[in-house]
């Protein structure tokens, strides 16, 4: 049972991407892929019940020694504990929903077999990452999802923008992955082992600042933190199912998972990085006009919350994992609903050209799904997003560290901005008509199975999050937070709603337009890198 998620996803990718798919056809590949993913999901549910509710961690030695160098022996061992079980449930549930959605969204694509193979392979490597016992096994899954993300983002290879975005994603991640590998080598040098348990019991987390910095930068690249965030928005060039899978529970959350595993390595710097990322991405999301890019920057902002939580003591890693799970559920719902809206608007992603979609044939299921996802993202009381995000904000308030006070302020401001651009997104998609009365939209058939599964995932992870937060995090520490501090994010949510409805954009003054232009270009990070690092590398290549 414990190997079913890995075996089923690997088998799905192998069959869909092999010569057998030529004889099975699209329908046969779809049936096999969905069957394997459902087997993986139900196996993950049973594993979660056994490990989390039964409190039984599991070690499985697959085939003994992998390779040996001197006295250093590496074996393939599957290790499933509390963190791994939660990640298994999250990854397989979201991936199954995305596979169901991709069957409808990509039904006219002539290479549907190959696309499903890429999705299944991506899921397989993510499961390898979360089920690894040591850093060397984790690195196999880490590099595997990096290669698969390149294939998926650049799937539309006939489009130059998609090819450039795929190259940008993998090149930016090469920088951080190189430092991560350097940090892993230094850990082995000091401990002689790469197993998580041995590393955390040793003194290596406190050996050098450079070691902690290398591991942190390695995670910052995959999780799109500040300075490494430039690839995230361009990754939206891939199909919508790819965006949902990458930004919900797989690629971008892998860095958070590794940091939660190695939480003693990090010091106050991660609090600064996470809080700045949350604020920066919120500002970028407000000034974007592309529907998928707004949701992408909201992902980057929520990842900043998780990074801050990692640096907030022993409860911080639990809070980060809790927010990771809840965020995966409603962010997948947001992306899949956005895909239905884009289909209804004849492939148009510019929110300023939408209009009257609620009066068109865009499904009511899509309307409700987007509404639920937006409410969870804003943190409406009694939603899963409220419980997980509110916990991180309150932990930053009670944590005894001067930097945590500044982080609390930035996170509260980011929560206000999140509410503003989320309401703006919803209103522009369904209520305001910016494109005139003659704008017509085509009908989009509702993917009922996808929506039912996403709704089930939201409810399931909502229950799990409330149980985890109530039992592990809220037992004493957060009851000392003043009432005004606890209710401040809710008040800012209402303020963000009023701000978004009062004015979609600032006034027409030259200063306001300059501010809009500066934020819409994402503070010029892409231009800065293009004129410094990229030109330097190209000149070096020309000379050599």
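Heads up, the Cβ atoms here are built off N, Cα and C, so glycines get one too.
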- Task: Select from 169-190, 477-498 the stretch of residues annotated by TrEMBL as transmembrane segment.
- Result: 169-190
- Look up transmembrane segment in TrEMBL and report which of 384-405, 406-427 it refers to. 406-427
- Query: Per TrEMBL, which of 269-287, 516-534 is transmembrane segment?
  - Reply: 269-287
- Any residues 6+ beyond the ends of the transmembrane segment (112-130) with a Cβ under 8 Å from its own? 5-6, 9-10, 12-14, 16-17, 21, 24, 26, 29-30, 33, 36-37, 40, 83-84, 87-88, 91-92, 95, 98-99, 102-103, 106, 137-138, 140-142, 144-145, 148-149, 151-152, 155, 239, 241-242, 245, 250-251, 254, 257
- May I have the DSSP-based helix, strand and coil counts for the residues of the domain 'NADH-Ubiquinone oxidoreductase (complex I) chain 5 N-terminal' (66-115)? 28 helix, 13 strand, 9 coil
- Grab the pLDDT values for the domain 'NADH-Ubiquinone oxidoreductase (complex I) chain 5 N-terminal' (66-115) and give me their mean, rounded. 83
